[in-house]
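Q: Provided herewith is a single structure, encoded as structure tokens, for subsequent inquiry.
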Amino acid sequence: MPHGTLEVVLVSAKGLEDADFLNNMDPYVQLTCRTQDQKSNVAEGMGTTPEWNETFIFTVSEGTTELKAKIFDKDVGTEDDAVGEATIPLEPVFVEGSIPPTAYNVVKDEEYKGEIWVALSFKPSENRSRGMDEESYGGWKNSEASY
């Protein structure tokens, strides 16, 4: 399995279902890669076609297969509304090294709620040896001692 750095460029979303009945939505995205969570800025007043153009970095390790992108509408005084979620498979970027901006379906309760545009790139870790750094498994090393 790949170990390395995943760069995620959160570009935009289109055709989102409006979760705010009185005003334009203020959408933001929570990105989750295994146990790592990162949030985008709030696209204030951008409604159903927000643009973020933000870059996020995740550390990829054994068993990482997908990235989740959950879209929320920021509300003041009440809990933020969940707009929907996209599941982005990572195998293509592990093979290709980079994926240009691509649309992924946003769904909620198995219903289509729009699309999110994301670009991906992956840089494998260097000097990986069975998942351990050389120094962590007691490899022989020249002594710095002088006599």
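Note: Cβ is positioned from N, Cα and C throughout, glycine not excepted.
If you look up Swiss-Prot, you'll see ASP20, ASP26, ASP73, ASP75 marked as Ca(2+) 1 binding site. Annotation source Swiss-Prot lists Ca(2+) 2 binding site at ASP20, ASP73, ASP75, ASP81, citing sequence analysis. As annotated by Swiss-Prot, domain 'C2' applies to 1-103. Per Swiss-Prot, region 'Disordered' is recorded for 126-147.
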Q: On the 0 to 100 scale, where does the mean pLDDT of the domain 'C2' (1-103) fall?
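A: For the domain 'C2' (1-103), the model's average pLDDT rounds to 94.
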Q: Which of the three DSSP states, helix, strand or coil, fits ASP26 (Ca(2+) 1 binding site)?
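A: The three-state answer is coil.
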Q: Quick one: Cα separation, ASP73 (Ca(2+) 1 binding site) versus ASP81 (Ca(2+) 2 binding site), in Å?
A: 5
Q: Note down the number of other Cβ atoms within 10 Å of the Cβ of ASP73 (Ca(2+) 1 binding site), including every protein chain shown.
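A: Around ASP73 (Ca(2+) 1 binding site), other Cβ atoms within 10 Å: 21.
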Q: Under a three-state reading of DSSP, tell me whether ASP81 (Ca(2+) 2 binding site) is helix, strand or coil.
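A: Reduced to three states, the DSSP call for ASP81 (Ca(2+) 2 binding site) is strand.
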Q: Just counting, how many other CB atoms are there within 10 A of the CB of ASP75 (Ca(2+) 1 binding site)?
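A: Around the Cβ of ASP75 (Ca(2+) 1 binding site), 14 other Cβ atoms lie within 10 Å.
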Q: With Cβ-Cβ distance below 8 Å and at least 6 positions apart along the chain, what are the contacts of ASP20 (Ca(2+) 1 binding site)? List them in sequence order.
A: ASP26, ASP73, ASP75, ASP81
Q: Sort out for me which one of ASP26, ASP81 has the most neighbouring CB atoms within 10 A, since those are the binding-site residues we care about.
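A: Selected residue: ASP26.
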Q: What kind of secondary structure is ASP73 (Ca(2+) 1 binding site) part of, going by DSSP in three states?
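A: For ASP73 (Ca(2+) 1 binding site) - judged by DSSP and reduced to three states - the answer is strand.
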Q: Under a three-state reading of DSSP, tell me whether ASP20 (Ca(2+) 1 binding site) is helix, strand or coil.
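A: Looking at the DSSP assignment, ASP20 (Ca(2+) 1 binding site) belongs to neither helix nor strand, so coil.
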